[in-house]
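Undergrad: Dropping a structure here in structure tokens format, bear with me for questions.
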Amino acid sequence: MLFRVLGAVDVVRSDGARIPVAARKPRVLLATLLLHAGEWVSVERLVGALWPEGAPPSAEKNTKTYVWKLRRLLAQDPTAGERIDGGRGGYRVRVAADELDAHRFEALVRTGRRHAGAGLHRQAAAAFAEAVRLWRGDPFGELVGSDADTVRARLVERRLTALEGHAAALSALGSHEEAAVALKGLVARHPFRERLRGALMTALYRAGRQAEALDVYDEGRVLLDRELGVRPGEELRRLHLDILNQDPALEVDREAGPPAWVSPAQVPAAVVGFTGRAEHLRRLDRLLARADDRQPPPVAVITGTGGVGKTALAVHWAHRVRDRFPDGQLYVNLRGYDPDLPVGPGDALAGFLRALGVDSRDLPQDLDERSATFRSLLAGRRVLVVLDNARTAAQVRPLLPGSPGCLVLVTSRDSMRGLIAKDGATRLGLDLLPAAEAHDLLRALIGDRAAAEPGAVDALAELCARLPLALRLAAELATGRPTASLARLSRELVREQDRLDRLDDDTDPHAALRSAFSWSYRHLDPAVARVFRLLGAHPCHELGLDAIAALTGSSDAAVRRHVDALVQAHLVERTADGRFQMHDLLRTYARGLAAEADPDRHAAVHALADHYVREAAAAVVLFDPVDHAGRGPALPAAGPATRDEAVAWLEAERANLLAVAEHAARHGDAAQAEELADAVWRYFHVRGHHDESLALHTHALAAGRRRADRVAQGAALTGFGVACERLGRYEEALRHHEQAVEVARETGDVSFTGRALKNLGVVLRRLGRHREAERVFRESLAIARAIGNRRGEAAVLCSLALVHEASGRYEEALRHMEQAMAAVPDVDNDHALVNHLQANLGLVHLRLGRAEVAGKHLAEALAGARATGSRDLEAEVLDTLGELATAAGDPDRAVEHHREALALTRRTGDRHEEARAHDGLARAYEAWGRPEDARRHRLLATRRAPGGR
């Protein structure tokens, strides 16, 4: 379902049909609820919106009637569920982030600006254009009131930003004439907007129309003088002079431009011996003709039962047509039917974006922004996207490209009706292989022996129910036993099916698969069979050889032999990066065998978790030697040897670390969940993986509560609170830190009490409760000094200084910062702490008007933040540098610093620093003489501040 407010308010069903809200009162009611989407709106407020000139006595009763009518309208989409809740003295409408066109619009504008800043002008133009296309008229239709006016003004301003950005991207791409045409209309409608006028002048000049560019300036100069009595701003005057002097800097830099396109090739290796499916291949070929530069990207959904060959068909065809997609092929196994959790669209997009050259630290936190970034990167490209093993349309939609030239292949056991109805996908249903094609596949896989026993080949095919997965397993057994006749092998398979039928009278359609699995399994060496079973018992998606060795308790050499045997038997797949995974049906089968044959399977999974705890702890020590000193593994780890290797390992294993923590918490291994959280939370925090940190501490907290371990609960509450604070969820952070302090006092852990108080103070300071924050910090400081914790003392002094800075007590702030620096020599080589101290010293000296001293401290802090990969601190320092530049009369440089900080905060999700960046931009634009830009950023700063909307 899509709610549209960028024009007359209406609703679009999941199948694409429009639900008009014809009556005015229900339409205004819906608009009011959508203005505050996801929030409770009081009846009083709704009555005010419905009857702005004065409400009748029956207003509340009538409002209930309009709510009832709206619910009936929305019920026209049977897939949407109940959307309007009643309670708390009012109503709310539940809307997902991608179900409101205004949210989509803003995400696209953010994506366009990010691409423009990175020099990705083609992607920026596509994102801006897609954003503008969402508009159909004035936002929120006829809704009146100050709230509506404020949001409407912000959206109109953002639309102008998108139009400006689109024109600027076109000009940067060399389409100067097209940019000039678009800008002329905008300047005519907004004649006082100097940024637009400057963009038009630049586009005209680059198009070889210097005289017209100068005329545009003169028209603006005369208009400003006549209407406002002012002259053009400094930036526009400087551009005028540059055009007069034909400054070479105005030319598009042909040497610069966007980074080189990364052409991914992620589709798995070509399927050996692929046979048949000729009609399906022809249908896919016909669909390929639609993947041109004029039509939306076609989507093909290959559906059918498990093991029927959906992935094989998709991969075979993808290799056959890869030359038609010169910009690359993307592939992801969404694991929709995996025994454990499927891959979410956010994680899938992260993998795609990394494959397209986006740094892990630059990934947007928000799903909508990831999706918009993905669509923008594919704009103007010809890329094949293979989404394997999907479970629902919701899992697929965020992964669909938006511009012509691409093609999407989806495989699923589900019919994907929603994707077909709403997104225009084409379904290709796969049934069992025809008898002739099953025979041909076995002949291709077995070789010459098959020609001598055609009857036995046919028998094998029928015994395998003509399912390609079962046929391949049978063929592998046949080739592994060259002296046995195929007729004998067929009799063995019959006996195996009889044995299973006696054990289980289940008549499900996968009975033939179960027989083939069992037959293959029973021919494995016992040691190899044990590895197969245990590979079905662990919670991770894929494992490296070191992890499999830990799981099975085997040597590296033995594991390599065993896994090679499983790969040879087609029971395990080797991924492109050298790791190993199983088909979900095989994994379910192996898990069932392990439950019967391996009483030690829980111990094996426990050993795997121990491996991850040990390796993670060792990797994090390399990443942050000081903060984790003395906290390395009790046993030597065999993993990364350098900091860069540690970061690569931690990034590659993030999903497995979370899966192991969740499994441990759910299955009684509480200590492991807690140890994993303790090992990696600092890494997640520094790298800005706050969502993962929340998940990790959720599992750790559940584990601590399950075994009534108050110490473990306190640690998890602290980590949870820190992540919430960084994501701008301040009230939630406050609640968790207060509980952590309570736990610390209860357990009598003085050191932990000091840390918990310090974290509580940080949130109080964020909320502007400075007096309470100071009291809490002073208690924390007393504890640090009493127990001789010099590092803790320095950190709390730094936080106390920030309270004084926020309160305007700059001399006191400086005194505390100097005391903090004095404690640093006692803290060996603590780069992270020193970087924070340098950043805050720079801030305090700036407040005292000591620009030169501030600049030196900030330069050191910025270099240190970048060296350690601390994106949060880097954003803080950039914002302070922006304030320094504004104070020095250099708003141009200030805007550059604040924009860079803003881009970082959107990647890390740091809401507080995002608000600060917007506030800094407002001040810089005000100093630059651009009041419209200043007002816009001040509004955004207010919305991002604690309690803002």
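Placed from the backbone N, Cα and C atoms, the Cβ positions cover glycine too.
Feature list, courtesy of TrEMBL:
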{"type": "DOMAIN", "residues": "16-93", "note": "domain 'OmpR/PhoB-type'"}
{"type": "DOMAIN", "residues": "100-244", "note": "domain 'Bacterial transcriptional activator'"}
{"type": "REPEAT", "residues": "794-827", "note": "repeat 'TPR'"}
{"type": "REPEAT", "residues": "875-908", "note": "repeat 'TPR'"}
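Describe the structural context of each listed feature in the structure shown, including burial, neighbouring residues and relevant distances.
TA: Broken down by DSSP into helix, strand and coil, the domain 'OmpR/PhoB-type' (16-93) contains 36 helix, 12 strand, 30 coil.
Per-residue confidence over the repeat 'TPR' (794-827) averages out at a pLDDT of 86.
Sorting the repeat 'TPR' (875-908) by DSSP state (H, G, I as helix; E, B as strand; all else coil) yields 31 helix, 0 strand, 3 coil.
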Undergrad: What does DSSP give as the helix, strand and coil breakdown of the repeat 'TPR' (794-827)?
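TA: Summed over the repeat 'TPR' (794-827), the classes give 30 helix, 0 strand, 4 coil.
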Undergrad: Tally of helix, strand and coil residues over the domain 'Bacterial transcriptional activator' (100-244) according to DSSP?
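TA: Helix, strand, coil within the domain 'Bacterial transcriptional activator' (100-244): 114 helix, 2 strand, 29 coil.
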